[in-house]
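Colleague: One structure is given below, represented as structure tokens, and several questions about it will come after.
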Amino acid sequence: MTATPAPRGPAPGAAPKISFVSLGCPKALVDSERILTHLRAEGYELARRHDGADVVIVNTCGFLDSAKAESLSAIGEAMAENGRVIVTGCMGAQPEEIREKYPDLLAVTGPQAYESVVAAVHEAVPPAHDPFLDLVPPQGIKLTPRHYAYLKISEGCSNRCSFCIIPSLRGNLVSRPAADVLREAEKLVKAGVKELLVVSQDTSAYGVDIRYSESPWRDRQVRAKFYDLTRELGELGAWVRLHYVYPYPHVDEVIPLMAEGKVLPYLDMPLQHASPSVLKRMRRPGNQERQLDRIRSWRQTCPDLAIRSTFIVGFPGETEAEFEELLAWLQEAKLDRVGCFEYEPVAGATANALGDPVPPAVKAERKRRFMETQNGIALRLQRAKVGKRLPVIVDSVEGGVARGRSKADAPEIDGTVHAAFRRPVRVGDIVTVKIDRAEAYDLYGSVA
């Protein structure tokens, strides 16, 4: 058994240093930012390398086996390069597997355990005696580029989808008061953030748990309700992008805000399947025929609306006929952005008891057919943009080409707009790009 690394600390007069690894979804990234903001306020500095830090924090993901493997690999790297490691995040909610492989970790905590992580850091390497609070900018420490930021409006989820263990990891829905969310958003915009990406486990359920209670914002009371919060965010002067929106009827209310230009005409809506029988086994809401009618209505109100969704193929018991239902629905819906995942069992999920697994080769073939169908849809939609002038937020500039995203593209998961330019263009600028060429995911053109 390896001996626990001896306590160490910064050189006399130097600030203690933290190295940080953040894995998983945008909600986990927000958790990481909160921890770093707290530690930075206490005088800790951020190290670029594990071997230059006094302690390493790894924020893990534990949703899928592949995510667990990535988390364990990251922990292993931190142990090898530093040896003084604190683990937190979703995988930490079930610490036995982590401790079995890495018994000498300083601490293992679950998700949202901010105070426990900070306490473990204090024990490993105490903060400076006189921390300078002005080390932290008003908007906090962000791990995203300066021009966009994730805005988490709630924790947890009260749905009980059979393939998901998020409620057991993060608990039931807990919404933030609207005024708290808006104050954070305002600080971000004042700090130069051009795009706010609203995230949670179930964005459209925001406020249900606190009965849509009001809180004071500026000169008025604002309800903790999906529409009300979206409307107020739309007044801050930044792009506002809505993620993880379930297709509830009250989502209809925000579409006019998109048509008016208050928020981006973009909905990230994880539908997961279209066959009623599969959705029933998944314990998912939604009549898919009704969803088609709703999507048509949304597009009539807001013709520029881009809809992103994710789907699972190979769910236990999925027949060829049920998969064909999904393909037919996809062709009818004509969604702009789509991701597809082969079903992967998750320890603790009730779907594991369904039996009748789909063979791996069949799952892979269905994913191929699904994406082939979607790529054809996406290419037709993209080609319709050729000749148009689109606003694009610039993410990078290199070699006379700016790469960014249109209003239809979220960072990391959607397409890229590649634009040649002659006048100066900087990261974070919002420029107009004339589109000359289209692929299924990316667009090409020049800055107008």
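Backbone N, Cα and C atoms are what each Cβ position is placed from, and that goes for glycine too.
I grabbed these lines from Swiss-Prot:
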type	residues	note
BINDING	Cys25, Cys61, Cys90	[4Fe-4S] cluster 1 binding site
BINDING	Cys157, Cys161, Cys164	[4Fe-4S] cluster 2 binding site
DOMAIN	16-126	domain 'MTTase N-terminal'
DOMAIN	143-380	domain 'Radical SAM core'
DOMAIN	383-448	domain 'TRAM'
Colleague: State the Cα to Cα distance, in Å, between Cys61 ([4Fe-4S] cluster 1 binding site) and Cys161 ([4Fe-4S] cluster 2 binding site), rounded to an integer.
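Modeller: With distance taken Cα to Cα, Cys161 ([4Fe-4S] cluster 2 binding site) is 18 Å from Cys61 ([4Fe-4S] cluster 1 binding site).
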Colleague: As a test of the contact definition, list every same-chain residue at least 6 positions from Cys161 ([4Fe-4S] cluster 2 binding site) whose Cβ is closer than 8 Å to its Cβ.
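Modeller: Non-local contacts for Cys161 ([4Fe-4S] cluster 2 binding site): Gln272, Met282, Arg283, Arg284.
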Colleague: Reported as an integer number of Å, what is the Cα distance between Cys157 ([4Fe-4S] cluster 2 binding site) and Cys90 ([4Fe-4S] cluster 1 binding site)?
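Modeller: On Cα coordinates alone, these residues lie 14 Å apart.
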Colleague: Return the residue, from the listed binding-site residues Cys61, Cys90, Cys157, Cys164, with the maximum count of other C-beta atoms within 10 angstroms of its C-beta.
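Modeller: Top count of Cβ atoms within 10 Å goes to Cys90.
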Colleague: For the [4Fe-4S] cluster 1 site given as Cys25, Cys61, Cys90, which other residues of the same chain have their Cβ within 8 Å of the site's Cβ centre?
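Modeller: Other same-chain residues with Cβ inside the cutoff are Leu23, Gly24, Lys27, Ala28, Thr60, Gly62, Phe63, Ala67, Gly89, Met91, Pro111.
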Colleague: When DSSP states are folded down to helix, strand and coil, where does Cys90 ([4Fe-4S] cluster 1 binding site) land?
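Modeller: It is helical.
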Colleague: Could you give the Cα-Cα distance between Cys25 ([4Fe-4S] cluster 1 binding site) and Cys164 ([4Fe-4S] cluster 2 binding site), in whole Å?
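Modeller: So the Cα of Cys164 ([4Fe-4S] cluster 2 binding site) lies 14 Å away from that of Cys25 ([4Fe-4S] cluster 1 binding site).
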Colleague: Please work out the helix, strand and coil residue numbers for the domain 'TRAM' (383-448) from the DSSP assignment.
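Modeller: Secondary-structure composition of the domain 'TRAM' (383-448): 1 helix, 34 strand, 31 coil.
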Colleague: Cys25 ([4Fe-4S] cluster 1 binding site) has how many other Cβ neighbours within 10 Å of its own Cβ?
Modeller: 18
Colleague: If one measures from the C-alpha of Cys90 ([4Fe-4S] cluster 1 binding site) to the C-alpha of Cys164 ([4Fe-4S] cluster 2 binding site), what distance in angstrom results, rounded to a whole number?
Modeller: 13
Colleague: Average the per-residue pLDDT over the domain 'MTTase N-terminal' (16-126) and send me the rounded value.
Modeller: 90
